[in-house]
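These notes concern the structure reproduced below.
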Amino acid sequence: MENPQKPRELTRAFNHYNKHSGFLKKNLKETILFFREIRQNHSNTCAAAEPGQLSCISFPRQDEEYLQNVVSSAPYILILGQDCSARYQLLNCLLGERLLPLGPEAGGACGAEGGACRRRKLCFTHGRQTRLSLALPGQYELVHQLAAHCGRWDTVPRQDLEIQECEDPAQRLAELEITLHHTLLQEVKIMVLPCRNVQPLEEALEDCKRGILPIVLYAVSRESLSAQQLEDLQTLRESLPFPVCFIRVSDGGGGGALFTQLASLQLISASAGNCACGAPAAQSAGRMQGVLCDSLERLQRVLVPFTRQVLQNQQVEAATLLNTIHCRCLDLFIIQAFDMQRDLQITPRRLEYTREKEGELFCSLMAIANRKQEEMKEMIVETLSSMKEQLLEDAQNLDFTDIIMSSNGEPVSSKDIKVCISQIQDLIVNRLNQAVANKLTNSVDYLRESFVGTLERCLGSLEKSTPESCAHNVTSNHLKQILNAAYHVEVTFHSGSSVTRLFWEQIKQIIHRITWVNPPAITAEWKRKVAQDAIESLSAAKLAKSICSQFRTRLNSSHEAFAASLRQLEEGHTGRLERTEDLWLRVRKDHAPRLARLSLESRSLRDILLHGKPKLGRELGRGQYGVVYLCDSWAGRHPCALKSVVPPDDKHWNDLALEFHYTRSLPKHERLVNLHGSVIDHSYSGGSSIAVLLIMERLHRDLYTGLKAGLSLKERLLIALDVVEGIRFLHSQGLLHRDIKLKNVLLDKQNRAKITDLGFCKPEAMMSGSIVGTPIHMAPELFTGKYDNSVDVYAFGILFWYLCSGSVKLPEAFEKCASKDQLWTNVKKGCRPERLPVFDEECWQLMEACWNGDPSQRPLLGIVQPGLQSIMERLCGEKSLEDSN
């Protein structure tokens, strides 16, 4: 019997796979459910989102099918070999007992030496009792009397392993199922494939393609492989794209020829092969290579790491893909939250701006109409005077239309005379219309540029934000048409609109007062005389009054129509914004947190598969939500700090998951503590609770400890600059820290600072207005729930007070407060730290500005940073900053 330690370690490898497969299956199931709910319940509310964005918040079908196939695949050990004897020998070694007959007990040799092999396929499964049965692959058990049924046995009877001559075709295809109470079989099934002449390899492998994850073992009993066996290996590689573990089961000879054959087919690495621990080598592209075990004595050293890597590769690839989907959609949710928040803020402002600017435009144009009547009169007189001679010449040379003239110029009828007079009048009116309109248009040109263009752009934005409502499109288009008609004065005058016809009809009525006693001759002089009389009969005052009156009437009408249309548009936006706000709340409170938790689980699964569970060292400190331990090394990094967090409820789980996502999404920055990874410990406190282990960069000490130990002024000012740089980076990524304090600033051995503990860190669009932070460092507006990134500036001001004081002693004003509630009350009333005698005037002014009660009056960190640099250069010397850097 073989060493029982061998199957025990192999069993542990499969046990780990099955345990992690359960976590992966659960995460995938919840992920599919999540995306199904998004698709079913929010298809209508997400209609406002871009179609491309909406399609991204989904589970790609090919990825879902691949992951479903991975989690549903059961691990199998497939045993192939040069002959049945080699297969059986390997199986016995694997299980640690002589279960299959060897040597003379097994009967004749198979293959080329022993003729046609009649040994059938074997399948080993777990059961409480040892039993044998024949069954069709994947179907049902056959009623068949086996030799093993006739009495006790330790080794499977040879006749049960062989296909009998009298058996029908169904029994010939049947496989022998051997049920054993064995620890290895509790975790994995084993299949021993038959020789090629019993069942072609292609057919045998067909059953191995569906729903199994194969660990392929190939038993070698000779010095080299035959051409047929090499062909079979090529078929195996094409059918099952998994690495193969080749195992020599015979003791004699070296393995040079065998190694060369396998390396030439790229079935194993052509280099030295395995590392000292027996783990298989990997190709440069990352694809796992097969391995060669030169004896059964080394099976344990080679097979266990080989199996672990095959199983791990499969699960790591699946967990990575799943986490990629989680992160992509989570980032999209956060982007949509920003877009929805901006929509909720900007749309009411756009509506108000449109209403306000239209009012200003209306008042400006109305003022022109009221103020410039006298100017218009003078303009008309001046225009007539400058155009008079040209008008008379044009009238004199006018060719009448639709009138048949006699050769001597006499008209045919009195009706034609009226037509001639009318055409001369029209000539004068049209020329005067054009000249006056051009001058009037120039007087309001600047209004078109400064008002109408902006109004139209604003209306266009409002229209685009309601694409689902046809009514709103009609309203907005109508609104723009009104603007074009009412305010594009040049278009209205030049197009001969109703305005022109109305007041120029009055002009023609004035001209019609000219009376004719006798029908004159239609000569050039007569045309000039008619034009002269028409021009002289025009009243500039009446014309100006008529123009202004019509202008005012049109303006009033357009203004009222504009206001009505805007109200209708606003009503439509109100309903849309209500739906947007509801969706924004769902994204912040449900969608993003749920997806973040799934992302944390998939990422943690990937990390534990790749790097294992970290070992906890001594305790370094305790916080409100977790304990920090030392961790010597993890994932090739050392030393590390490990923060153990046990979320008490779903809310804390979600907050932790979002924190992890924001932190992992951040680019590396020298002023932020690096987060290396996470592991979910399901066995924490003996399995009574689940802990999340966050593994991060280990630094020397925190700022609180550093100040207690004593730091020079130069070091303290440099720390202040480091903290400002770190906060600025967070803000540039759209994040707020919300808990800047001494304990959350860590120092390295050179006393350079890094910000840690992003537990309250969130994007502005994802904040729910919750009151978080450390009371002493909390800005007054935090208590209202409405705040922005200036709360970090306030907290830095308090931190800077400690840095300038060089001590961890509480400010006197805060030390007097008996409770947290009293402290909050005093801070809201304006209570701030006192000025200490050691403070530099410029430092005091800077911290006072940072903790200003009005958030809008606090300085931007881009102003604070150069201010700190100048303070440091003044107090510590010009070159001190450069030397420190």
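For all residues, glycine too, the Cβ spot is worked out from N, Cα and C.
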Co-listed ATP-binding residue [Swiss-Prot; alongside Leu620, Gly621, Arg622, Gly623, Gln624, Tyr625, Gly626, Val627, Val628] among Lys643, Lys651: Lys643
Sorted by sequence, non-Leu620, Gly621, Arg622, Gly623, Gln624, Tyr625, Gly626, Val627, Val628, Lys643 residues with Cβ within 8 Å of centre, ATP: Ser644, Val645
Inter-residue C-alpha distance, Gln624 (ATP binding site) and Asp739 (active site, proton acceptor) (nearest angstrom): 12
Longest CA-CA distance among Leu620, Gly621, Arg622, Gly623, Gln624, Tyr625, Gly626, Val627, Val628, Lys643, per record bound to ATP, angstrom: 14
CB within-chain contacts under 8 A for Val628 (ATP binding site), separation at least 6: Glu619, Leu620, Gly621, Arg622, Ala641, Leu642, Lys643, Ser644
Integer Cα-Cα distance in angstrom, Asp739 (active site, proton acceptor) to Gly626 (ATP binding site): 16
Residues near Gly626 (ATP binding site) in space but at least six apart in sequence (CB under 8 A): Lys643, Ser644, Val645, Val646
